[in-house]
Each structure stands twice: as structure tokens, then as C-alpha cells.
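For His259, the entry in TrEMBL reads active site, tele-hemiaminal-histidine intermediate. Annotation source TrEMBL lists substrate binding site at Gly95, Ser96, Gly97, His98, Lys146, Asp151. The compositional bias 'Polar residues' annotation in TrEMBL covers 394-412. The annotation domain 'DhaK' is assigned in TrEMBL to 44-374. The domain 'DhaL' feature in TrEMBL is assigned to 414-618. Among the features that TrEMBL reports, region 'Disordered' is placed at 368-412.
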Amino acid sequence: MLLRHCVFRCMFKLDDRIEHDFHGLGTSGLGVFVVREWNTYWSRFADVVTEFIEGLVETYPGLQYLDGFPEVKVVLRADVSAEKYDKVAVISGGGSGHEPAHAGYVGEGMLTAAICGDVFASPPVDSILAGIRAVTGTQGCLLIVKNYTGDRLNFGLAAEQAKSEGYKVETVIVGEDCALPPPRGIAGRRGLAGTVLVHKVAGAAAAAGLSLEKVAAEAQCASEMVGTMGVALSVCTLPGQVTSDRLGPEKMELGLGIHGEPGAAVVDVQPVDVVVSHVLQQILSPETNYVPITRGNRVVLMVNGLGGTPLMELMIAAGKAVPKLQLEFGLAVDRVYTGFFMTSLDMAGFSISIMKADQSILDRLDAPTKAPNWPVGTDGNRPPAKIPVPVPPSRSTKSAKSQSRPQELSQQGQILEAAIQAAATVIISLKDTLNDWDGKVGDGDCGSTMYRGATAILEDMKHYYPLNDAAETVNEIGSSIRRAMGGTSGILYNLFCKAAYAELKANAQSGVTPKQWSEALKSSISSVSKYGGASAGYRTMLDALIPASQVLEEKLSAGEDPISAFILSAEAATAGAESTIQMQAQAGRSSYVSAEILATVPDPGAMAAAGWYSAAARAVKEQYEGSS
């Protein structure tokens, strides 16, 4: 499906009067917010735009607003006043509900002021005039207006009034929608997210000290170089209104506008790469010739979230679009901007904008700006998207012989192989049981995670483990675990193996003694406890391994037969694991589970540790008995 199914629930209070229950319903793959009493909220809190502006300027100290609420809602640069400003002021705006547009682009190097209307409503003439008067100095101002009738009329009347007051004013209308074929009558093409690119070009030109005529010319040129098309799986929820149900389940709309107005077509939901291909074809169609882009041109790509789509999914769309532009259309993609630039409240979907770029436009886009919502880190030359994974120094310096299974195993190598084989086999057999236990006290994947590690160990042992070298074999087990297991368990067992390897390597001899194995086990437990934070009684795998280590050390110190000591320590591991059923978890996901539920099953991690440890002990015993 186009985007991932997402379900979540969040309860909270607003002003201690209204309780909301949010549900993200992914009937067609996108999280769609359905808000109880949404209409009630908006009718009681009609000053949402003024409250947004207050929060914005508190967040960004470089911004101010005019003290004219609620009629005048203007955000402006805190470092600019009309009396002293000696550069062209760049002003834009429109209805609210498209945040971060337009107020989020106010800052040095971009907009000088943004005029905010009510949600999806063009700002009134007096508000626009107030903005012009507040920031326009001797060099005049440029108004950048999206091509909607209300915006054109209100900004146009304000421009004429400002001119009559002696201000120098130029206007650029941006209409870059590519969803509907021309001609579109007097309405023309809608202004969409591509307008933000025009803001940046004009703002950079103004910051460079160009005249009003030249700033307007660059903005006009930029507006003619960009095309945009949107796609969505839901329409937005308008304040005070019931959400439209014109899109049925498993349907998507191509080319709908940023106010939820109908687009070109309603179709079945398609995979994201199919949707991206259709949008690119529409924007770059030579039949409509909306943008003067041909093979060999340099372009800028913007993938814009419409409000209800996770950034992860926008990045997926961007990842599909770039190679298609390069390979299918023969274009050089010089810049990629992905994120939320011009939204539509909670609309689930995205738009794609493509702008023809030459070096002058790229320089304007790369120019510095203090606008809080213009993306950083997107300028300059593009290095390769991927590079080789570095090889650890130890891996690169080892000989081929040390990284392969010996042709002939020593007695210790045979014993080690048998122990590893038995331990991994037991873990594989416990997969479903561990998952069942973990499903009650965790996330239900303990068995599957351990299974991946065990199968990787068995497979790698056939080819790579230098079994005659115990320390290196333990190190290779850690490498197998790190590669295959993942999750917290994978990290902890990798730490376990690394600590054991370091201990065994520090005391390397022709063979590893039982006491050295005991010391390695103790070092491994210390490492896991240090980095994982758990200790005895925390209801973790250490509740199996700590008793085993203590008994092993005690019996060996007392002169006990090493095999007997290993078996007795395995019994201690099993007893310790089983005792976790009586413990309150203090680490991991189980720490969030009630004591009543915890009392029904032992800790799956501890039982897994006891399982492989006991299996290894039995295998070692059988090997020694078979050779005697």
C-alpha cells in the first residue's frame, strides 16, 4: 500500500474542559486523525491563529507580531523596522492551517513579514496593509501571493492602497499546480508548496541588496520554473465542520488542493512508486508544458507532507522520486528538500514540486537564512549516497586461516563444537515457548530473536569459527550474534562475548583451563551488568548466569572435578531462572508489567540463558565421558 497502517491512541485534556480521544485510523495505509468533539474545540477556541502566533514568537526570539489581534495577525522580523530598513521587504501570507507556511519562513534571507488569515481564509486588506507599513522602507516591498481569488483580491487592493500612500510595491502571483490540464479559465493554476521555493529565491535576492525590480524579476522567473502536484488518502478536517467522506476506503485522490478542494481524479490506492511515477509524469508532461524542463536539465525536488503523513514515509517517497527523475527523465537532481513545508491541517498525503534550476537559483536556495522552518544541511555538492561498510581492524589483519574452520579439530575444538552445537540447538527448540512467555511480559519476540542468533551461530560455525582457538571462537560467536540478533538481547550477548574474549585472550595458552572459563564468565556478567544496568534480582538473564558463575567459581576453588562443577553450576542457572517468577522486574519492558502478570511466567531471557548454559554443560560432560 502507499503508506503504512498506523493505529495509536492518545488521551489528553484541553483547558480542563474538553477531553479528546485521538485515533489514527489507517483504513488505507495512512494515519488519519479522527478527533472527538473537534468541532466543539474549534468553536470554543476560535482564536487558534492568534494563539499559534504567540507560541511561534515565544519559540523563535527573532520573530515578533503586530499588536492588533484579532483583526491584524502579522508576524515580522524582530530586527526590521520600516524607518531604518534599507533593503527590499519580501512579504507573503494567506490563510492559516498550512503551517509552517507562511510565518515559519519569516527571517533574514527569506520573508520579512507574513500576513496570517484565519484558517483557510485570505487575510483582510487592513492586515496586509499593516504588514506593508511595518517593514517597508525606502527600497519598497515585494508581495508573493498564491493564486487564489481571495488572496489575489485582498493583496491586490492592499498593494494599490500602499502605492497611494507612497510605498513602492511589486506583486508576483504564484500558480504552479500541475494537477489539472490547462486552460483553467480566469481561476488559473493554484499556488501550492512550490511557493516556498519562490519565497527563498526572493528572500535571498533581497538580502543580497538587489533592487525591487530585480528581486521581483527573480521571484517571477522562479515561479515560472516550478510545478507541483499533490496526492492524498484523506481530506483535511476543517474547523467547525464535519470531515468530508468523499474519499471512500482504499481510495486516494490525485491533485487535490491544500484546502481539501477536489483534484483531478479519485482512484484506488496504489503502491508509492506507482504514485510517484504518475505525479512526476504529470508535472513534466510535454503535452501540458507546465514547466520548461527537458532532458539534461538541472532540477530541485521538494517532497512536502500535507500534515498527517509521517516523515519516514515522506523520505520513502523522496527515495523513489530521485532515481526516477535521473533515470527515466534524464534530469540532474541538484537539491532535495523533504519535510513539512506547506501543510493542510491534518490531511494525509504529500505533494511533489520540481523546479528547473540553474546556478543562480541554486545560489539563492543555498544562501543563508534565519527563517526557522527552512531546512538546513541541503546545500552544496552531493557526495555518494552510500559508501562501503568499514572493516574492523581485527578482521582485516587476521589471516585467512584464523577466519576459517580448521580442517582437523583438536580435542578442545571438538568439545567446544559440541557445546556450541548443543546450546544453539536448545535455543532453537525453545523458540515458541520463549515467545509465549515474552508475549505475556514483553513484546513477544524473545524466542524469535534468540532463534535468529542460534541459527546464525550454527551456520557460521560450519565455515568460519576457528574452533581450536577458544578465544577467537567466542569472538566470532559475538560477531554472528551482532549480525543476526538485533535488539537489546543481541547487544547484551555481544557484550557478553566481547568481555569473555578479552579475558580469554589476556590469558592465552595452548588450551583454556576451567578456571579461565570461570573468569571469562564472570567478566561477561560484569560487562552485561555495567552496560545493561541490571544485577541479581532484576528479573533478567543475569538471574540465571550470576548463580551459575558463583557456583562454578566456588566448586573449582574447592577442588571439585571441573565437569561436576559445570553441571552443578548449570543446575544453579536453572534454579535462578525459575526463581524469576517471584521477582518484580526492574529492567527491560517487563518493568512496565504488573506484578500479577509477572507472577504467571518466569523471565524468558533468564530461561533462555539457563537453557543454553545447561545444554553446553551436558554436551561437555558427554564429550569427556565418551573420550574416557
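Positions of Cβ are set from backbone N, Cα and C atoms, glycine also.
Whatever TrEMBL says is automated annotation, not expert-curated.
Keep in mind the model is a prediction, meaning the values are calculated, not measured.
Around the Cβ of His259 (active site, tele-hemiaminal-histidine intermediate), 19 further Cβ atoms fall within 10 Å across all displayed protein chains. Here the Cβ of Gly97 (substrate binding site) has 27 other Cβ atoms within 10 Å, regardless of which shown protein chain they belong to.
Sequence-distant contacts of Asp151 (substrate binding site), defined as residues of its own chain at least six apart whose C-beta falls under 8 angstroms from its C-beta, comprise Gly94, Ser122, Val145, Gly191.
Listed in chain order, the extra residues whose Cβ falls within 8 Å of the Cβ center of the substrate site residues Gly95, Ser96, Gly97, His98, Lys146, Asp151 are Gly93, Gly94, Ala101, His102, Gly117, Val119, Phe120, Ala121, Ser122, Ile258, His259.
Reported as a whole number, the C-alpha separation between Gly97 (substrate binding site) and the residue listed as 'active site, tele-hemiaminal-histidine intermediate' equals 9 Å.
Summarising the environment of Gly95 (substrate binding site), the number of other Cβ atoms within 10 Å of its Cβ, over all protein chains shown, is 22. Ranking the binding-site residues Ser96, Lys146 by how many Cβ atoms sit within 10 Å of each one's Cβ puts Lys146 at the top. Note: the CA-CA distance between Ser96 (substrate binding site) and His259 (active site, tele-hemiaminal-histidine intermediate) rounds to 10 Å. Every protein chain shown contributes to the tally, and the Cβ of His98 (substrate binding site) ends up with 28 other Cβ atoms within 10 Å. Between the farthest pair of Cα atoms in the substrate binding residues (Gly95, Ser96, Gly97, His98, Lys146, Asp151), the distance is 15 Å. The two recorded residues, Lys146 (substrate binding site) and His259 (active site, tele-hemiaminal-histidine intermediate), show a Cα separation of 13 Å. Separation of the C-alpha atoms of Gly95 (substrate binding site) and the residue listed as 'active site, tele-hemiaminal-histidine intermediate': 10 Å, rounded to the nearest whole number. Between the C-alpha atoms of His98 (substrate binding site) and the residue listed as 'active site, tele-hemiaminal-histidine intermediate', the distance comes to 9 Å.
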